[in-house]
Amino acid sequence: MQAKDSNPPDGGYGWVVVVSAFVVMGLTVAVLKTFGLFFVEIQQHFDELASTTSWITSVTIAVFHLGAPVASSLCVQYTHRTVVITGGLLAFSGMVLGFFGLNMVWMYATTGFLQGLGISFSWTPAISIVSHYFSKKRALANAIASAGECAFAFMFGPFFQWLISQYGWKGALLIIGGIQLNICVCGVLMRPLASSSLLEASHCETETQPGNSASRRDKEHESPIMHKTFNWTLVRRPEFVLYAIFGILAAMSFFVPPLFLVPLSYSLGIDESWTASLLSILAMVDFGGRLLCGWYANLHVTKTIHLLAMTITLISTSLMLLPLANNYLSLAIFTGFYGFFFGTTVAIHITVLADVVGMPEFDSALGLFMLIRSTGGFVGPPLAGLIVDMVEDYRAGFYMAGATLVLSAGFLVILDRLQQRKKRGSKIRTKPEKSTLPYPSLHILKHQ
């Protein structure tokens with residue numbers, strides 16, 4: 001049974017799972033990335049400040065990250081299929097209840113909290129089960145599945161804009177919620193591996209055998225993933241702490257541009273139909289950046305942490321230049337630069353985490369990293385909104401995001417220096433001591 005479990009099928013029905021995960025990525029993260037189209041509509045409807053309205057996205061992002069470790073644990077207790085279906089129902093509920101639009105607090109609770117929890121419970125197990133079905137082709141399968149985020153975002157930009165123009169922002173939320181019910185269909189298609197079911201059955205049989213102590217049964221009941229997910233001892237490692245700080249600062253910046261890109265284009269007098277195409281451009285170049293950087297990283301020409309620091313610097317540069325745009329063409333060009341470099345960063349930042357903590361600790365580090373990074377996603381959009389309100393210019397949000405990314409790159413440089421110093425120290429400690437005696441025979445006599 002263990003052999004089966006350690007040798008995934010690497011194909012067959014696994015490709016159905018990949019396609020299902022592809023759609024789940026599109027119906028979750030792509031919806032979040034294009035939610036900026038609703039920003040101005042909701043802000044004007046409730047007559048609120050940009051900082052107040054941006055809390056909707058902040059709550060969604062924070063709950064998405066905070067729910068990831070919980071979703072992973074539930075996959076162990078139940079199945080990936082069950083958790084994905086639950087996530088689809090939660091996402092549907094968040095959008096449908098948001099249709100009523102009672103007040104801003106109501107929007108925080110529905111399109112914020114419920115939608116974020118639904119995205120987390122759908123996205124996390126969908127990514128996880130792909131890795132269970134593939135081993136040799138795991139990188140390819142994960143790349144195809146994650147591409148759903150970009151492909152759907154490319155289509156959702158103009159589609160959501162059309163929905164808002166035809167049915168209003170409330171009607172658009174209702175329709176999008178209905179579309180998200182397809183997450184449940186994808187969840188049904190995510191069939192658990194037979195080896196996993198056999199493994200669970202063997203655990204149950206072992207528990208019923210006589211002579212087993214209660215402590216043994218308790219150990220078998222305990223999920224190893226639970227331990228890995230909530231291993232807080234990682235915060236004692238300086239390397240992980242530095243990378244977590246980078247994650248917080250990066251998350252503060254990453255979700256600001258998609259949120260304020262649409263309002264900025266409106267302030268420049270760009271037509272709504274052209275504005276929606278900016279999000280499509282963003283998704284298209286994002287997809288290209290992921291594929292290109294993933295391919296380049298596999299060549300091992302450049303150290304991954306150096307490559308990440310380079311892409312972060314290029315993102316911050318593009319964000320600093322983007323507010324200089326004064327028409328659609330220049331705005332589209334700078335948006336394209338930002339989207340491409342964002343895609344390159346997404347392609348390798350998890351790989352750098354694996355390099356920092358090592359593969360034995362990777363699962364626990366990923367869950368903890370998502371938890372810590374959520375604070376940045378929660379604080380970033382409202383902080384940018386507050387700055388926008390103070391200066392009454394959407395450009396300020398992009399300057400804030402660019403400056404924060406520059407700061408985050410500094411922590412990557414510190415982390416790299418620390419790793420190099422430790423590497424040199426380990427080489428010195430492992431270097432064999434030279435004998436001070438002239439002849440080996442004298443060295444042997446000395447120790448007799």
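Placed from the backbone N, Cα and C atoms, the Cβ positions cover glycine too.
According to TrEMBL, the features are:
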DOMAIN    14-420  domain 'Major facilitator superfamily (MFS) profile'
TRANSMEM  12-35  transmembrane segment
TRANSMEM  55-76  transmembrane segment
TRANSMEM  83-106  transmembrane segment
TRANSMEM  112-133  transmembrane segment
TRANSMEM  140-160  transmembrane segment
TRANSMEM  172-190  transmembrane segment
TRANSMEM  240-262  transmembrane segment
TRANSMEM  274-293  transmembrane segment
TRANSMEM  305-325  transmembrane segment
TRANSMEM  331-353  transmembrane segment
TRANSMEM  365-384  transmembrane segment
TRANSMEM  396-415  transmembrane segment
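Highlighted: of the candidate stretches 140-160, 240-262, 365-384, 365-384 has the greatest count of Cβ pairs under 8 Å to the transmembrane segment (55-76). In this chain, the transmembrane segment (331-353) lies apart from the transmembrane segment (83-106): fewer than three C-beta pairs between them fall below 8 angstroms, excluding pairs fewer than 6 positions apart. No contact links the transmembrane segment (83-106) to the transmembrane segment (274-293), because fewer than 3 Cβ pairs that are 6 or more residues apart lie under 8 A. Spatially, the transmembrane segment (140-160) is adjacent to the transmembrane segment (274-293); three or more Cβ-Cβ distances between them are under 8 Å for residues at least 6 apart in sequence.
Counting Cβ pairs closer than 8 Å and at least 6 residues apart in sequence, the transmembrane segment (365-384) and the transmembrane segment (112-133) reach fewer than three and form no contact. In this chain, the transmembrane segment (172-190) lies apart from the transmembrane segment (240-262): fewer than three C-beta pairs between them fall below 8 angstroms, excluding pairs fewer than 6 positions apart. Averaged across the domain 'Major facilitator superfamily (MFS) profile' (14-420), pLDDT in this predicted model comes to 82. Per-stretch counts of Cβ pairs under 8 Å to the transmembrane segment (240-262) identify 396-415 as the leading one among 274-293, 305-325, 396-415.
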